[in-house]
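To keep things clear, I will list the structure first and then write my remarks on it.
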Amino acid sequence: MENMPPQSWILTCFCLLSSGTSAIFHKANYSRSYPCDEIRHNSLVIAECNHRQLHEVPQTIGKYVTNIDLSDNAITHITKESFQKLQNLTKIDLNHNAKQQHPNENKNGMNITEGALLSLRNLTVLLLEDNQLYTIPAGLPESLKELSLIQNNIFQVTKNNTFGLRNLERLYLGWNCYFKCNQTFKVEDGAFKNLIHLKVLSLSFNNLFYVPPKLPSSLRKLFLSNAKIMNITQEDFKGLENLTLLDLSGNCPRCYNAPFPCTPCKENSSIHIHPLAFQSLTQLLYLNLSSTSLRTIPSTWFENLSNLKELHLEFNYLVQEIASGAFLTKLPSLQILDLSFNFQYKEYLQFINISSNFSKLRSLKKLHLRGYVFRELKKKHFEHLQSLPNLATINLGINFIEKIDFKAFQNFSKLDVIYLSGNRIASVLDGTDYSSWRNRLRKPLSTDDDEFDPHVNFYHSTKPLIKPQCTAYGKALDLSLNNIFIIGKSQFEGFQDIACLNLSFNANTQVFNGTEFSSMPHIKYLDLTNNRLDFDDNNAFSDLHDLEVLDLSHNAHYFSIAGVTHRLGFIQNLINLRVLNLSHNGIYTLTEESELKSISLKELVFSGNRLDRLWNANDGKYWSIFKSLQNLIRLDLSYNNLQQIPNGAFLNLPQSLQELLISGNKLRFFNWTLLQYFPHLHLLDLSRNELYFLPNCLSKFAHSLETLLLSHNHFSHLPSGFLSEARNLVHLDLSFNTIKMINKSSLQTKMKTNLSILELHGNYFDCTCDISDFRSWLDENLNITIPKLVNVICSNPGDQKSKSIMSLDLTTCVSDTTAAVLFFLTFLTTSMVMLAALVHHLFYWDVWFIYHMCSAKLKGYRTSSTSQTFYDAYISYDTKDASVTDWVINELRYHLEESEDKSVLLCLEERDWDPGLPIIDNLMQSINQSKKTIFVLTKKYAKSWNFKTAFYLALQRLMDENMDVIIFILLEPVLQYSQYLRLRQRICKSSILQWPNNPKAENLFWQSLKNVVLTENDSRYDDLYIDSIRQY
C-alpha cells in the first residue's frame, strides 16, 4: 500500500465510494414490503399480493408470513423454490392465475412441479381455482385441510390423486366439466374412501351422472348440484350418517327461461329419488332440491329428517304440492322453506292455494313464495300461516299480484319482513282499486352480470330482501316495483306497526299533503326513490312524526320543469329526521324559501343536483340554502356541476360539519383558507374535480382534518411543508393525479403524525435519481401504508416506463456529497493527465535540456570551446538498418571523402566515436566538432529517439552559436506534414536533398551535397526571408 502509485489510490477511492453508495441503495430497495402488502392481524401475518401482475412468486416476502394471497396474477409455474423461504405458511391463494381470457399468455395453464409444496409442513389451505389444471397436483403436504380446484379442466379423480391427503377436510372440485365439457367427469371407485377426515366435498357442475360410491362417513356437506344425476338410489347416501348439508339442485333442471345453458332430462322428467334415499341422513339440516323438475314430494323422503332446518324447492312444478303439502307434516324443525318459481306454464291463477299442513311448521321463520303467479291475495288465504309462532319473513315478490288485502298480514306475532316487490299492486283511493292502471315503465328485473359465481347458488340469492339499514328500525314492508302511483288514506290500513317502508319504482306522481301515511304513523325509514313526486305542499310527511330516514332520490321529473312549484319547506316539520337523501333530482330552483331548515338533520345527500345554477345567481339568493341546518354533520354535494364555489356560499355552510363531500364536480380552484371556519371537519372529499393547487401548509386552515380525498384531479406537485403540522391527518388520497415528483420536505412533519394511509397509485413519476429522496422517506416511514404500491409506477425515462418505483434500481445513483467528491477527484485526475500530456508535447525538449544542463553544472562540467572543428560533417543515420549503413559507407563516404576534387572529412559513428564514452557524450562531441550535421532519414529512423536527440543537439547550436548546421538527406518520403521541414524548405531549400529515383541524376545529387557541405547555409537563404528579417 505504501508503494501504491497515485493513480491506483484514486481508482481505489472511486471504487470504494461507488460500492458504498450501491450498498446504501441496495438496502433501501427491500426495507418496505414490495410488491406485496404485509398486514398483521392477531397471530397472522398476511401478505396481500393479489392483482399485482406478477409472473412468479416474489422472493422478497418476509419469512414470518402465514397467509399469502397471490390471486389474479399471471403466475403459471410453481417450483420447489417458489415457497422455499416461507416455511410458516398456513394458507396459499393462487386463484385466477391462468385465466382462459389470456390464452396467449397461459396456453397450457398452471404448471405445478411434483412436490413443489411438500416442504410446507404447516400448510392447511390451498386455493387453486380457475388455473386450467388438468389434474390434482401431486406431492401435496399431508398437513393440508382445505383444497379448492374449482373451475379447472380436471375430468378425472383417481386414488393416486388423493393419496397422501389423509388429513384433508374440505375438497372443492366443482365447475370442472359442465358447460363446455363433452365428456364424463370420472371418479374412480373409492377415490375418496381414504380421506377419513373429509367433511366438505363439492362436485357440483360436473358431468357425473351418478353419486360417487364409497364416500367417507366423515362427510358433513356434500354438493352435487348440476351434475346431470337422474337417479338417486337407496344406497347412494348410506354410511353418511354425519351429513348435515346435501345439495342436489339442478339435476334434471327446469329449463324454462333459465339464465344459463340448460339441458332438461328426457321428456322434461324429474329427478328420480328412491323413497328411502335419505333414510340414513338423520343429522341433515339443509336440503336443496331446487330445479329438479319435481312434481310431487313423497313424505317418505323426510321420515328420518326431523332435524331439517332449511329446505329449497324453488324452480320446480309444485303448485299442487303447495296445495296438498303432505310432506310438511314430517318437518317439525324446518325454519326456512323456499317454494319460489313453481308456477305452471301459461297459467295466471286467481288465488294462491296454501295447504293447511303449513300450520304444522311450528319452527318456520322464513317462507319464500316468489313466482307462484296469482292475481289476488285475501286474508283467508293466509289463515294457515297466522298460527305459526316464529314466522318472521314472508316473501311474495314477483307474483304479479294485482289486488291485495293488507289485513292478511295481521295477526302474525313475529312477522318482521313483508316482501311484495315486483307485483302489480295498485293504488286504493276511497275504497276504489286502481289495479287496472298498469305502469309499464318499471325497473327491469334483470342482472348485469355476464359471469356466474361458482360460490353462489344458482337458484336462490343469499342477499337480504330489504336493506339492513331499513330493517334495523323494525317491521318492514317492501312495495317497490308496483303500480302505487297515488297513495290513498286507506291504502295501508292494518299496518300501524310498520317502521320500514319501501315504495320505490312506483311512478308515483302525487303531491303529498300530510295525510297519506296517517295509518302508518310509526314509520322511521321511508324509501320513495325513483318516482315522480311533486313537492308542492309544505305539509308533506307531517303525519310521520317518528320519521328518521327519508330517501327522495331520483325524483327529478317535476324538478326539471321550470314552471312547476318546488317546495322543500316540509323538512322543518320533521322534528326527528336525521338522514335526508335528495340526490339526483336536478334541483336548480326552489319556490319561496331559499333555505332548508331543520334542527334534527344530521346527514344530507344533495348530490346530482344543480348547485352551479343555485349558487351562481347574481343576487346570491341561495348562498345560505344549508345555513339553517344547525346540527348537520355530513353534507354530500357531489356531482353538482360546480365550476366554482362562491366564498359567501361556502361560509354559509353549517359550522357543525364533520364530513363534506364535493367530489365529481368541475372545480378548478378551491379556497383552502375558508376551512378554518369549520373546526370540527374530519373528512373532506374533493376527488374527481379539476384542481391544480394545494396549500403550502394544510394544517394552517384545517387542523382537525383526518381524511382528505384528492384523487382524480390535476395536482402535479406537493408544496414544501404541505403536511408539516398536519398531526391529525390519517388518510390522504392523491391517486390518479399528474404528480411526477414528491420531495421529502412535502411529507415531513414537525411533530408526531397520525398519517397511516397514503394513496399514490395512478400517478406517473419521473424515475430519475431525484426520486431517491422520496424513496428514502418511504423507507423511514414504514408505519404508513401505501395501498397498491405496485401500481405507483414510472412514466420516464423510457427504460423505466410502467415499472413500479419500488423496483427502480438506484444503485447507479449517488448522494450530492459523494457526487461532489467523485467529481473533484475525476476532474483533478483528468486535468493533471491532460496538463502532463500538454507539457510533454510542448516543452519536453526544454525540460530535458534544462535538466541535463543543470545536472552537468552540478557535476562540474564546463562548456567546451566549439570554435575548433575537426570534421566537415557529422553523419547521423540508422546504424541498425543494414541497407542504410551500406549506403552511407560505400556511397556517401566514397563520393565525399574519396572524390578527387575537394574531398570532405566526415565523422561516422561506427568509425570515429571514442569507445567507452557514453552515447550522449560521443553524440554531442561529434556535432560540436563538425561544421555540418547531415541527417540521413528513413521512415523508421525519423521516429527513433537517436534522431530526435541528435536533431535537438544540432538545433541547439543555432540557438547558442547562431550557426545553421543542419542538412537533410531523404532516402524515403518522410515528415511530409512536419511544419519545421516545410518552413526550412521555404527558407533554405538547398539544405534538403532527396535521393533521386533516376540513376542518371545521382552525379548531380553528389555535387549538390558537396556544395551544401562546403558552404554556409545562411548564404543560401531565400532573399524574401532575409528582407523580412531586416525590417525588424
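Placement of Cβ uses the backbone N, Cα and C atoms for every residue, glycine included.
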Based on the annotations in Swiss-Prot, which residue of ASN513, ASN1017 is described as N-linked glycosylation site?
ASN513
Recorded disulfide counterpart of CYS470 (Swiss-Prot; options CYS265, CYS500):
CYS500
Along the repeat 'LRR 4' (120-143), what average pLDDT does this model show?
95
Of the recorded positions listed here (CYS49, ASN88, ASN411, ASN671), which is spatially closest to CYS255 (disulfide bond) when Cα positions are compared?
ASN411
ASN268 (N-linked glycosylation site) and CYS181 (disulfide bond), Cα-Cα, nearest whole angstrom:
22
In terms of DSSP three-state secondary structure, what is the assignment for ASN268 (N-linked glycosylation site)?
helix
Test of understanding: give the count of other CB atoms lying within 10 angstroms of the CB of ASN182 (N-linked glycosylation site).
6
Hey, of the glycosylation sites listed (ASN160, ASN513), which one tops the CB count within 10 A?
ASN513
DSSP-derived helix, strand and coil totals, residue by residue, for the repeat 'LRR 19' (574-598)
0 helix, 4 strand, 21 coil
Check the Cα-Cα distances from CYS36 (disulfide bond) to the recorded positions ASN160, ASN268, CYS500, ASN743 and tell me which is shortest.
ASN743
Candidate recorded positions CYS49, CYS262, ASN353, ASN513, ASN743, pick with smallest Cα gap to ASN304 (N-linked glycosylation site):
ASN353
Intrachain neighbours beyond the repeat 'LRR 20' (600-621), with Cβ under 8 angstroms and 6 or more residues off its ends:
553, 571, 574-589, 594, 629, 631-643, 645-646, 648-649, 661, 664
Nearest to ASN88 (N-linked glycosylation site) by Cα distance: which of the recorded positions CYS49, ASN160, CYS262, CYS265, CYS500 is it?
CYS49
